[in-house]
Amino acid sequence: MAVFVWRKSDAHCEQKAETSEEGDIGICHVNDVVERKKESRATTDTASDASLSVITTFKGPAELFPDDCQNTSEENKMAKGKIAVIMTALCLATFLAALDMVRLTRRLYELQLVDEPLIKGSVRRLLPLSYPQYLGHFARLRQIIPATPIWGKVSDIFGRKPVLLAANVVFLIGSLLCAISINIRMLIGGRCVQGVGGGGLLALVNISIGDLFSMRSRGVYFGIIGMVWAVAGAVGPVVGGIMTQFVTWRWCFYINLPVDGIAFVIIFFFFEVHTPKTPLFAGLRAIDWLGSLTIVGGTVMFLLGLEYGGVWLPWASVPVVCLIAFGIGTLGLFLLIQWKLAYYPIIPLWLFSSRSTVAAYGMIFAQGFVYTGGSYFLPLYFQVVLGATPLQSGIYLFPFVISVALVAAISGYLIRKTGLFLPPIWAGMATLVLGVGLYIDLPAHTSWARIITYQLVAGIGVGPNFQAPLIALQSHLRPTDSATATATAGFVRNMANSVSVVLGGVIFQNQTRANIRSLGSILSPETADMLQGRSGSASTDFVKTLPNKEKIPVLNAYNQSLRVMWIFYTSMAAIGLCVSLLIRRQNLDIEHEITKTGLEIQERERQERLRREKMKPKRKRTTDKEGLEN
């Protein structure tokens, strides 16, 4: 009997042959029960080039070939209830990490830390900056610490479950340190610890989904995570404001302890993936410590230089030039280490060896860049131009958030249903260009029709590209590279988030100063100096005190500055759309190869890659020799 097992990957099938004397039967493996017609040709030891016509009804693969079901998607093995429990834990972890980013970044001034004498004194001793600038700066610094790719590689060595649990513990410790802070140094240290743990949670959630579900099914679950991100972005400022107003700012950190504790317990008891027994010291020796040091140091120096330049210090000042130059140099050293020295690189350079993977990373950067710009500067528009409170500005973002959440879920379902990820990417980026472009038309007065409509359009553009670029990236790589590629994607997105806020802020500040200077005939020199020397958010209360003849021109000047900034973000969205056209189509399998981790697997992959690299020059020399002979 000649048996053919067709594993569905759109129109492509794999063959597996056995022989018998009874006849020819085709078995199509599509979930459990499928009916299909197939014509094929097979060659056996006794008969060659025999035409086979297969028309049959098929039973589940587990009944016919139990040994072939070892790589079946974990989704088929787990009960729906267990999937729901695990996804609940992953969503809780994502929600807390994302909520922590947006809640504290936008709300530190309203948390009234500056009312506490110990913290106020510490701030004055450390830096002569305004309190909101100082605290907001270190909140962003804690987010940009590039721990994400390091967590991914560590999970390849020690396994997903123990590393995911460790990230939860680090996040909990950081939250506790922040909640019980007695001075600004303790708060900053706690925020850094919390950021390292939060970066691990965000990376490992996406990696874990890749371990649990087939390529085609991942869209649904990535879409759910996208919904969580969107909801966290909206409710973060609102929750922070409510806690500050009715309880205390410390509850912004205390609330993480029981909620993330629930996620920890669920992951501990229900999250079942392959976990190697890697010896502790052997695993620690395998980590690329030199690469870890250079990527952290280089990234922080570079982004600090961008943060200081043009806002707190002149661009030509020695600290700014040194930070940017040494940051770029250190990142260049990191790439050299990954290329030549690292046995198990944190960010392997072969991830960028194909056009599609480079384009996918470019897409992730562009989408994260524009999404962060909208999420960060729309509240600035609401507060500075429209005079809304921080709590109101969070509520005003609901149209954007609702559209992002719904479209993220719908696009994930469509990817699973059709097996196509390029249409959502292209449609999303085109709509994003339109939506952000419409922001340029936002007026200096309240126009609810435009505010709601423009946010809905932009949200529809953002939603599909929370998960589709990641699926595109994973589909073009080997399963063993999936975790590293996913963690690198998280790092790229985090870099985009940080650079977006810095560059958008620089454009807004510079344009605002130019516009305020042009109002010299209306504003007094003292008023102009006050407006030019403050950030937009810090000027809100001051602008409200101005008489109408001065207030209206100032608000128009701020709005004009935001329009220039929106043009910049529209251009970035257009670049992302162009980059997305370079991604090639790839079929998404419904079959899932179980991902194995551990030091032994990493070493085997390294040896295999070295073997392939050694073979490449030989093939090239042979070809050149043949060409000369001909």
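Note that Cβ sites are derived from N, Cα and C of the backbone, with glycine treated the same way.
Going by TrEMBL, these are the annotated features:
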- 83-102: transmembrane segment (TRANSMEM)
- 86-588: domain 'Major facilitator superfamily (MFS) profile' (DOMAIN)
- 163-182: transmembrane segment (TRANSMEM)
- 188-209: transmembrane segment (TRANSMEM)
- 221-247: transmembrane segment (TRANSMEM)
- 253-274: transmembrane segment (TRANSMEM)
- 286-306: transmembrane segment (TRANSMEM)
- 312-337: transmembrane segment (TRANSMEM)
- 358-382: transmembrane segment (TRANSMEM)
- 394-414: transmembrane segment (TRANSMEM)
- 421-440: transmembrane segment (TRANSMEM)
- 564-583: transmembrane segment (TRANSMEM)
- 604-630: region 'Disordered' (REGION)
- 612-622: compositional bias 'Basic residues' (COMPBIAS)
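Distant neighbours of the transmembrane segment (564-583): 355-356, 358-360, 362-363, 365-367, 369-370, 373-374, 377, 422, 425-426, 429-430, 432-433, 436-437, 439-440, 442, 461, 469, 472, 503-504, 507-508, 511; these residues of the same chain sit at least 6 beyond its ends, with a Cβ under 8 Å from one of its Cβ atoms. Same-chain residues lying 6+ beyond the ends of the transmembrane segment (421-440) with a Cβ under 8 Å from its Cβ atoms: 219, 363, 366-367, 370, 373-374, 378, 407, 411, 414-415, 450, 453-455, 457-465, 468-469, 471-472, 475, 563, 566-567, 569-570, 573-574, 576-577, 580-581, 583, 585-586, 588. Tallying C-beta pairs under 8 angstroms between the transmembrane segment (394-414) and each of 253-274, 286-306, 358-382 places 358-382 first. Sequence-distant contacts of the transmembrane segment (83-102) (same chain, at least 6 residues past either end, Cβ-Cβ under 8 Å): 75, 143, 168, 171, 175, 194, 197-199, 201-202, 205, 208-209, 212, 221, 224-225, 228-229, 231-233, 235-237, 239, 256, 259-260, 262-263, 266-267, 270-271, 375.
Stretch with the most C-beta contacts under 8 angstroms to the transmembrane segment (253-274), considering only 188-209, 221-247, 286-306, 312-337, 358-382: 188-209. The stretches the transmembrane segment (221-247) and the transmembrane segment (286-306) are not in mutual contact, being linked by fewer than three Cβ pairs under 8 Å (pairs 6 or more apart in sequence). Counting only same-chain residues 6+ beyond the ends of the transmembrane segment (358-382), those with a CB under 8 A from a CB of the stretch are 102, 106, 233, 237, 351-352, 388, 390, 392-394, 396-397, 400, 425, 429, 432, 436, 439, 442, 455, 458, 462, 465-466, 469-470, 472-473, 476, 488-489, 492-497, 499-501, 504, 508, 536-537, 559, 562, 565, 569, 572-573, 575-576, 579-583.
Within its own chain, the transmembrane segment (286-306) has Cβ neighbours under 8 Å at 141, 144-147, 149-150, 153-154, 157, 319-324, 326-334, 337-338, 341-347, 495, 498-499, 502-503, 506, 599, 602, counting only residues six or more beyond its boundaries.
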